[in-house]
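J.: Got a structure here, written out as C-alpha cells. Questions coming.
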Amino acid sequence: MSFLKALVKNINTNISEDLHFSLTPSQIPKQVTEDEHRHPDRVRLPRSLFGSLQGNRPVVRLAITILNVGSGNVFKGPRLSLEDDSSVLNNHVVGLSLGHINVTGLAEPLEITFSHQHQPPNVTLSCVFWDVTKGSSGDWASRGCSTDVGVNRTICRCDHLTFFALLLRPILDQVTVKALTRISQAGCGTSMIFLAFTVALYAFLRFSQQRLNSEDVPKIHVALSVSLFLLNLAFFINVGHGLKGSSAACWARGAVFHYFLLCAFTWMGLEAFHLYLLVIKVFNTYFGHYFLKLSLVGWGLPALIVIGAGSANSYGPYAIRDKKNTATLELCWFCEKTAISALYVTVHGYFLVTFLFSAVVLGLVALKIFTLSSATAGKEKWQHWKGFLTLLGLSSLVGVTWGLAILTPLGLSTTYVFALFTSLQGVFIFCWFAVLYFPSQSTVTSSSGTARADQVLTVSHE
C-alpha cells in the first residue's frame, strides 16, 4: 500500500550484534549492514534489547512499519495542531514492536536516523513518540527520547518501542520577537501618519478644490487607507495590552483585530478588481452605485466572517512560544487549542484567495503595460522605467508585500523583510496617491478619474 510499508520478521534473541534496518519511505524496510552512506534513513536495534528477552523466549516477531500520515486524522493529536505550524517530517511515522511485548526502560536505547534538508535557524526538530495514555486518543510526547540534530540528519534515541516521528516546529525566541515587534510598531506608527495624510489630502482636494467629487477611484484608495489605519491601531492596542483585562475584553480585542485584518485584505482585493475593470476589461464596466456595492463587500463580508467565528467562540488568548515552550508574545487572537482551524480558513485561506487574485491581475496589467511600452518605445525613452514604477505603486495597493509571508519559513531574514514592508504599506499608498492626484499641469485639465488613471498607468492609446 502506498501509505504503508511494513516488515515482519522472526528474530532470534540470542544474537551477537546490533541489528540495522533501512527506512527508505518508498521501499519496504529491510535488514542491512551498518552503512551510513547507503542508508541515510535507518533504525538500529541494540542486541541488549533481544538479550533481555532471551530467558523467556528464543524467538520474537519484530514488526517495522513506515506510515504516511499526510491525510486524515491519524497520528495528529493536540500537539500537532496548527497553532504553531508544527508538522511531522515528510509525514512519515516509524513503528517498532515485538509482538505483544511491552518494551520500556531500555538500558541501551534504540536509534532512529531521519535524513532531511538543512533547516532554517527558526525551526526546531524534536524526536517524539505516540503516547496512547495522553488525552482521549493519544498525542505526541518526547519522554524517554533524546534528539541529536545534525546538518542533514537527526538521530533519535529512545528507551522504548512504539511509533516515532521527527517533529518540526517554527520557533521565535524572546530577542527575535522583541525585534520584530519593535520593527512592526515603528512601521505601523509611520504608516498610520501617512495614511492619515492620505485621507486628509483626499478631503482637501474634494472639499476645498471641488475635485474628485464623482470619482470612485480615490474613494477606493481612501477606503483601503482607512482599513489599514484601523488595522494598525488595533495591532497597537492588542500588542500593548497583551492578555490584560477580562476574558470578554480579550475576546473583543481578538474579534476587532480579526475584522480589520479581513477588511484590509478585502479592500486590497477590491483594488485589484477595480484595476481589472480599468485596465483589462475596459469596456462595459459601468455599475450603478458602484462604490456603495464595493463598500458592502469591503466592510460587510468581513463582518459576516467575524460574526461566524465569534459565534463559535473562536477568540481568546494566543501565545507565540520558543523551543522551551515559553511564551515570548501573548495577545488576544484565536484560541490556541480550539480555534486553529478557524484561523487557517478565515485568515490564511482568505488571504491566499485575495492574494492570488491580486497577483494574477497585477501580472495581466504588467503584461499590458510593457506590451504598450514596447510599441511606443520610440516616442518615450523612459517608458520601461515608468512602467516599472507604475507596477511598484500598484503593488502597494493590491498588497503584494503581504505575499512575503509565504517566504517566512525560509529563515529569519525573510521574516524581518515581511514585517518591515507590510508595516510600511501606508507610506507606499500615500506616495502613490500623491503622485496620482498631483499630476502635471497638462494632466490637471482632465476631469475624468479614469483618464487620469490611464495616464499614470501609461496605457493611453495616443
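Residue positions begin at 1 at the first shown residue.
Backbone N, Cα and C atoms are what each Cβ position is placed from, and that goes for glycine too.
So TrEMBL lists the following for this protein:
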type     : residues : note
DOMAIN   : 19-174   : domain 'GAIN-B'
DOMAIN   : 180-437  : domain 'G-protein coupled receptors family 2 profile 2'
TRANSMEM : 183-205  : transmembrane segment
TRANSMEM : 217-237  : transmembrane segment
TRANSMEM : 257-279  : transmembrane segment
TRANSMEM : 291-312  : transmembrane segment
TRANSMEM : 347-367  : transmembrane segment
TRANSMEM : 388-410  : transmembrane segment
TRANSMEM : 416-438  : transmembrane segment
J.: Among the recorded stretches 217-237, 291-312, 388-410, 416-438, which has the greatest number of Cβ pairs closer than 8 Å to the transmembrane segment (257-279)?
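T.: Looking at each of 217-237, 291-312, 388-410, 416-438 in turn, the most contacts to the transmembrane segment (257-279) are made by 217-237.
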J.: Mean pLDDT, the domain 'GAIN-B' (19-174)?
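T.: Mean pLDDT for the domain 'GAIN-B' (19-174): 85.
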J.: Which stretch from 183-205, 347-367, 388-410 shares the most C-beta pairs under 8 Å with the transmembrane segment (416-438)?
T.: 183-205
